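According to TrEMBL, the protein carries these features:
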| type | residues | note |
| --- | --- | --- |
| ACT_SITE | Glu325 | active site, proton acceptor |
| BINDING | His324, His328, Glu347 | Zn(2+) binding site |
| DOMAIN | 29-219 | domain 'Aminopeptidase N-like N-terminal' |
| DOMAIN | 254-474 | domain 'Peptidase M1 membrane alanine aminopeptidase' |
| DOMAIN | 556-679 | domain 'ERAP1-like C-terminal' |
| SITE | Tyr412 | site 'Transition state stabilizer' |
Amino acid sequence: MLWLVLCSVYLVIVPVVTANGRLPNNTLPLHYDLHLEATGLGLHDYTYRGNVSIRIAIVRDTNEVVLHNVGNTLESICLRRCRDGEAISHQLLESEPASELLRIRTDRILRRADDQVITLTIVFHNTLGEDRMGFYRTQYRGAKRIPMAVATTHFQPSYARLAFPCFDEPGFKTTFQITIVANGSHLVASNAPIATVTWLQDGHKAVRFERTPPMQTYLVTFLIANFTSVHTVSPSGVEIGILAPPKDEKSLQFSLQAATALLSSLEEYTGQSLGLQKLDHVAIPRFGNAMENWGLVAYDEQFLVLSAKAHRLQRAQAVLTIGHETAHQLFGNLVGPAWWSYLWLSEGFATYFELLLGADAYPELLPLEESFAVRHMHPALMADAYEQHPLTVEPLSANTPEIETLFDTITYSKAGCILRMINCSIGEEAFQAGVQNYLEQHRNGIVTPEDLYESFFVQQRRDTPTVEQMFRSWVDKPGYPVVTVERLNGSFVRFRQQRYHNQEVTTQDITSRWFIPITYYTNSSLGQYEYQPAFWMKETDQELVLQLEMNTQDVLVVNPRQIGFYRVEYDERGWSSIVDNLTTLPSIMQAKLIDDAFVLARAGLVGYELCLEMLQELATSPDPVPWLIAMAEENIGYLQRVLQSAEFDRFLTGFVGEMFDLAGNVGRTLLQSQALDVAYDWWSRLAASFIESKRESSIRPRACLPTPVQEVVQALVSPDDHVRERLFVRLKCLPKQSNEPVSVLLLALERIRAANLLTPGKLFAVLESLIKSDPGRFLPPTVQFLSSVPPEEAGPVADRFQRLLNLIVHEVTDRRQAAQVRKLMVKNSSILPANFLPHASTVMTSTISWRMKQVPKLREFVHDSHMASIYEREGHQ
């Protein structure tokens, strides 16, 4: 009878597998009993022992049980049939050195009809590492600065297998019963509430947790630490906790209040409960960002530990991060993607709701529309210009480095933007109903994009695409369109769509066209078409002529509220009208117009003179939203690098000075705080030319202190984006003629590579962020470093390497750099597509040719327009 109780079977649906490296799915996990012993944490003993007992359904007749295991030393393996306890003889098959699979061959065929359910019990041991993967250790400074060890986990995407043998794929969703044996003085936590605590000899305790809801292995978590906690209860009855080192106990109230408010807002919007009795948020030293473990969310300390005097920017980042991870408790945890191909279903909704929930709970801190434009729309459009990948990536192998590349701006920000576009296209009421239906229908299950599409029941007009058509048009292919707007006679307008490319536009391929929601603003339209589409361009429409509500003198702005995921190009008449009326438009429209103008100019579709005219208009009334977009590295940053004009730099210096005046008040919003931060960065960059000789200046540039190589190494390998960003600011502050940033960076990168402190994929991602922060300064050392990396190292992450090269190619501005990059590509030709080098050479040649022809004209334009003279006054020189 005991075996019968333990081996109860639940009806499950087995996902179909086609990608390489996946588990065969002949067997299916039903439940885990996981027991771990880590009693030496306070004694510098970082070993742990464990045993896992997995109830497994036989889905198809087989003579193998295949699961994952990496780094765990196996002591014993036992297989038994559940219904009668009969032992099943077996042997452990030898795995390939690079394989992460554990193959157990049975001496007889396991029959679906006869065996039904078996139990696999594995006894193993391991050691807590320090590489922030699997079950690992970190530390904080306690009383008298004594190091205090912390044992914690990070399992996404494929690191649970490093902690215990398991079926480590997101399509397997099952329950866990976890028991942790630890030192009696330690706080022990996991996904579920504590069921029992049993005191053992030697001051140890066995903490047994309640059974979890069905969940994926990457959401399993446990924590052993000398931590304290503060708690409250949400209006829906969920116990909310913040766990942190004791020294931080007085700085947890803001995050506790935020976590409670954000959860309440999420539950109210979705109409769904978490299915959990408690939701803890834990501050992990040097964790990096955050991870949505179900019921025990992990964060870097900066997002939970905030003093009463914390800066608004820090509080806003905390709200956004807590909101993102709280949304994941439903989107990703309660309802999870069936495979990493559909990661956007999880990350897109979390991105969308981080701002929706944050703006609802803290409207004075996070203005929704403007924050979405700056935080997600701008970076997503920039990232998607490089043809990286569609949102749905099929097929996708089980290769962990390949999966990790999907945790990027496309999957997060573009997906969030598409969801917002769908919301505005069908209306808030229909969107909310669809989301609620999606969660209700698939509660505790796994999903594909089709499950989301089928959750919306919207009665559309005949000329309007279905919700599924809307989604598929934007999800199943990379890139986005440019909509060309040509004003004809009277109120008639011609619309064309074509795919945006950094250097050229393709119009012939039917797959490069979209269902595009056209929203617009005119003086006569009274705002009725600014959010919901006035009409749709279909995938079959290359050109469309329609009559709009406007007069001849009206300004026309298409996609004015940045709802649609596309850019807009106007004819000469349209741009002229926009420039003349720029300062009368709302800041969100100004930001969109400026961003489109700069990006289209860089692609050669409009002239940079247009951008310069816009900047002159913007200078008369700077606002943080358009200013943040304009001053991005891809926009003004690029123009400043290629112009190399003292007059233009003098104009920018004055422009930056205006931002100090704008942002220099106490009650700053998130966007004003960000503008101030960017202003300091630009001020430091421009300081050498225009500030050092003016001692009377009231605003001083940041101190430029030498940065030791080891500090650079630590910052580059940190999982925390903010740590790296602070390093980049310090390096950019140094005089450009100084060789120190280059030499220090190269030494640091070589040390990281020699010591394998980062995988090649993660190292290439760091190099991407380095270049994006200041291409003019950091491109040369990046190319020099990559020249020392052999193709066999880059080969396993060829997609990430190609993405990095693509970024480099579009930042090359002279023949010497182009020759170095060509040499680098020739060296790595074996891991690059056959047409990569010819295409890259064309792009670089085109850029250099454009620069030689256009830059002298632009310098003349700057001189003739007297841009520098705009700020020829005290305090802004």
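Placed from the backbone N, Cα and C atoms, the Cβ positions cover glycine too.
Automated prediction, rather than curation, is the source of TrEMBL annotations.
Cβ neighbour count within 10 Å across all protein chains ranks His324 highest among the binding-site residues His324, His328. Around the Cβ of the residue listed as 'active site, proton acceptor', the number of neighbouring Cβ atoms within 10 Å comes to 26. Close to Tyr412 (site 'Transition state stabilizer') in the fold, though at least 6 residues off in sequence, lie Glu347, Gly348, Ala350, Thr351, His376, each with a CB less than 8 Å from its CB. Counted within 10 Å of its Cβ, the other Cβ atoms near Glu347 (Zn(2+) binding site) come to 27, all protein chains included. According to DSSP, the domain 'ERAP1-like C-terminal' (556-679) comprises 87 helix, 6 strand, 31 coil. For the Zn(2+) site, the Cβ centre of His324, His328, Glu347 serves as reference, and the other residues of the chain with Cβ at most 8 Å from it are Glu292, Glu325, Ala327, Phe331, Gly332, Ser346, Phe349, Ala350, Thr351, Phe353, Glu354, Tyr412.
Taken as a whole, the domain 'ERAP1-like C-terminal' (556-679) shows an average pLDDT of 88 in this prediction.
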